[in-house]
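Participant: Shown below is the structure under consideration.
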Amino acid sequence: MNAAVRAVVRMGIYVGAKVYFIYEGYQGMVDGGSNIVEAKWESVSSILQVGGTIIGSARCKAFHTREGRLQAAGNLVQWGITNLCVIGGDGSLTGANIFRKEWSGLLEELARNGKISEEAVTKYSYLNVVGMVGSIDNDFCGTDMTIGTDSALHRIMEVIDAIMTTAQSHQRTFVLEVMGRHCGYLALVSALACGADWVFLPESPPEEGWEENMCVKLSENRARKKRLNIIIVAEGAIDTQNQPISSEKIKDLVVKQLGFDTRVTILGHVQRGGTPSAFDRILASRMGVEAVVALLEATPETPACVVSLSGNQAVRLPLVECVQMTQDVQKAMDERRFKDAVRLRGRSFEGNLNIYKRLAIKLPDDQITKSNCNVAVINVGAPAAGMNAAVRSAVRVGIADGHKMLAIYDGFDGFAKGQIKEIGWSDVGGWTGQGGSILGTKRVLPGKFLKEIAEQIRAHSINALLIIGGFEAYLGLLELSAAREKYEELCIPMVMVPATVSNNVPGSDFSIGSDTALNTITDTCDRIKQSASGTKRRVFIIETMGGYCGYLANMGGLAAGADAAYIFEEPFDIRDLQSNVEHLTEKMKTSIQRGLVLRNESCSENYTTDFIYQLYSEEGKGVFDCRKNVLGHMQQGGVPSPFDRNFGTKISARAMQWITTKLKESYGKGKKCVSDDYICVLGISKRNVLFQPVADLKEETDFEHRIPKEQWWLKLRPLMKILAKYKASFDVSDSGQLEPVQDQNTQGEPA
């Protein structure tokens, strides 16, 4: 929420508006007085890394009454406030909408009572409202993610990872209760991200006889030498009769039926706390800026809107429709129409649930129709967190589709040497939380080994190939595609799933691994900024990875509140460096006496990190001193973030579905897979999941610098500058129109 508050304040001041804090939520609006304070640029300094909200939040009974809203209107008019930006859940947003509808009536009543003048009634005749959804449950319809959800998932995964290490030593069953009284999103996504054995959700209760089924599943897993069972329960979990299913009830059942050593962990308010994740900071910053733009463009006729996320686009939706739909979900659950409840939650929720079911429960072998196809999985390039989750997902979906799954070890090098083994369902258990690449990965391209690779494809009867990797994987796919004329063994369906911290693969807005790297950068910047709070007037220069791609430097800068980020995609010269130094010199005269500058490793051949450090040190003499830090390979390591685990799991499952479809098309018909649409890159573009032939992507690639020619995130470049007090023009061409909510649930595939 603080990142949203910061963005609204700074964007508001930037466009020349006066911005006010209202402390303690609606209570502060009703009480007025010292609860309403003008916000300055410095008021929101150093709050990005703070959890909660610095302006406070409170449930307010008075605002539920007309009398309370009358008082609130009087207080706003006193300050001349007619634009309201509300960050909260559906309750807060519903309240704001009622307030907006009553506004003119409230002002007339205030005038009748002599509290305000007739001129004030005319001058402040209408109230504009824009909402941003802040809720860790992700329970608001119309947006893919609400502010706070990703950070809550980080807390949950930290606990699960810690439990997993202790439980590996003892044979234990853990029942974890996570938040979500009316919405199972946190439970579902954390179950997907850790490969839980069973999950209980309010929207999708277990079928009759679940007690028996669950115990059978747990004992089967134990028999497969799985030492740890994890069951995740949403606090609002119910059965098909709408009776609550508590974590204690589940524990008692497991102990009584199976005699397993079982523990309950209730996460409670831990999930709300802690430092916000990089994803949440960027999301909230984007939404905050969009909210200000929406308020500036609003007219008396504009309905109240909510700024939402769809895919990776900020969109505006009518507030009333979103609230109505959110309430419809609850109504469907109350009436035991659970299929409708899941559908109303949106395409992302439904997609998560279907994939969880496919990955968690293995049908007995005799119930799986065999396809007689062998599908191989390979990791290529540098390691990226989330690769293992992608491999696990591919292996399990492949087995469920009746294929024999083969793992290729050590990239194309291992492929040529025949390091290929069958991999089974339980071989990939516990892989989602592991960093790096368990299969091993190398940057070697296949060009030198085409003959050997073709022989291995023939020897192992490989019918399709899934490649998980970065730019080398993309180049490798192009080489394999080009060699099909010479080697007919290569005429098989091949699909690549992008996985690289640099996020530089053409054909996809996101790559597996880049979110984890961003969190590493953000955490490090937070620590570095904290180290400067004792010493005044210090500027830190931090070098990030990414090759020629500035994604990490730019988005890390946005998430950490940097003053500048130097990237290859936006050329800079000595004059830019000079103006940055002057900007920092001015900043040191205020109460914020430290600076943060990010530099992408290959942004310039001559303006190296050392050069920039020395220039800043020289120019800043007597005003500030400098420190530099090269983050290096720590950005590639570490435990994958919840986003990367889930993104890897979901996108890899989609890739396997594509492979199965392509095999059905060609297998048995003797069709050779020679057309371009048999060799694709799977990526997310705006709101949709797309399979694009690798041949078509050549045009969109800058091969010399290993980046796509057009990159969506460059549009967010001015955001960082504006929030750091630079003059920059913000492109609002994408925003503007209100969209109907219903479209959100039908577009594309779940991202």
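For all residues, glycine too, the Cβ spot is worked out from N, Cα and C.
Sharing the features that TrEMBL gives for it:
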DOMAIN    1-294  domain 'Phosphofructokinase'
REGION    1-361  region 'N-terminal catalytic PFK domain 1'
BINDING   Arg59, Cys60, Gly89, Asp90, Gly91, Ser92  ATP binding site
BINDING   Asp90  Mg(2+) binding site
BINDING   Ser135, Ile136, Asp137, Arg172, Met179, Gly180, Arg181, Glu235, Arg263, His269, Val270, Gln271, Arg272  substrate binding site
ACT_SITE  Asp137  active site, proton acceptor
DOMAIN    374-659  domain 'Phosphofructokinase'
REGION    374-751  region 'C-terminal regulatory PFK domain 2'
BINDING   Arg443, 500-504, Arg538, 545-547, Glu601, Arg627, 633-636, Arg706  beta-D-fructose 2,6-bisphosphate binding site
Participant: Max CA to CA distance in Å over the ATP-binding set Arg59, Cys60, Gly89, Asp90, Gly91, Ser92?
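Facilitator: Site span for ATP, by Cα atoms: 14 Å.
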Participant: So of all those binding-site residues, Gly89, Asp90, Gly91, Ser92, which one's Cα sits nearest to Val270 (substrate binding site)?
Facilitator: Gly89
Participant: Spatially, and counting Cα to Cα, which of the binding-site residues is closest to Gly91 (ATP binding site)? Options: Arg181, Arg263, Ser502, Arg538, Gly547.
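Facilitator: Of all the candidates listed, Arg181 is nearest in space.
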Participant: Taking 10 A as the limit, how many CB atoms besides its own sit near the CB of Arg181 (substrate binding site)?
Facilitator: 11
Participant: If I take the alpha carbons of Cys60 (ATP binding site) and Met179 (substrate binding site), what is the distance between them in whole Å?
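Facilitator: Pair distance, Cα basis, whole Å: 22 Å.
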Participant: Using the Cβ centroid of Arg59, Cys60, Gly89, Asp90, Gly91, Ser92 as the reference point for the ATP site, which residues of the same chain not in that list have Cβ within 8 Å?
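Facilitator: Surrounding the site, in chain order, are Gly25, Gly88, Leu93, Thr94, Gly95.
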Participant: In this predicted model, what is the average pLDDT of the domain 'Phosphofructokinase' (374-659)?
Facilitator: 94
Participant: Using a 10 Å cut-off on Cβ-Cβ distances across all protein chains shown, tell me which of the binding-site residues (Gly91, Gly547) has the largest neighbour count.
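Facilitator: Result of the Cβ crowding comparison: Gly547.
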Participant: Report the member of Ser92, Ser135, Ser502 (the binding-site residues) whose C-beta atom has the most other C-beta atoms within 10 angstroms.
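Facilitator: When each Cβ's neighbours within 10 Å are tallied, Ser502 leads.
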Participant: Which one is it: of the binding-site residues Cys60, Met179, which Cβ has the fewest other Cβ atoms within 10 Å in this structure?
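Facilitator: So among Cys60, Met179, the binding-site residues given, the one with the fewest Cβ atoms within 10 Å is Cys60.
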Participant: Taking only the binding-site residues Gly89, Met179, Arg181, which one has a CA atom nearest to the CA atom of Gln636 (beta-D-fructose 2,6-bisphosphate binding site)?
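Facilitator: So, of the listed binding-site residues, the one sitting closest to Gln636 (beta-D-fructose 2,6-bisphosphate binding site) is Met179.
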Participant: Would you work out the biggest C-alpha to C-alpha distance among Ser135, Ile136, Asp137, Arg172, Met179, Gly180, Arg181, Glu235, Arg263, His269, Val270, Gln271, Arg272, the residues that bind substrate according to the record, and give it in angstrom as a whole number?
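Facilitator: Site span for substrate, by Cα atoms: 33 Å.
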Participant: CB neighbours of Arg263 (substrate binding site) within 10 A?
Facilitator: 14
Participant: Can you tell me which of the binding-site residues Arg59, Asp137, Arg263 is spatially closest to His633 (beta-D-fructose 2,6-bisphosphate binding site)? Compare CA atoms only.
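Facilitator: Smallest Cα separation from His633 (beta-D-fructose 2,6-bisphosphate binding site) among Arg59, Asp137, Arg263: Asp137.
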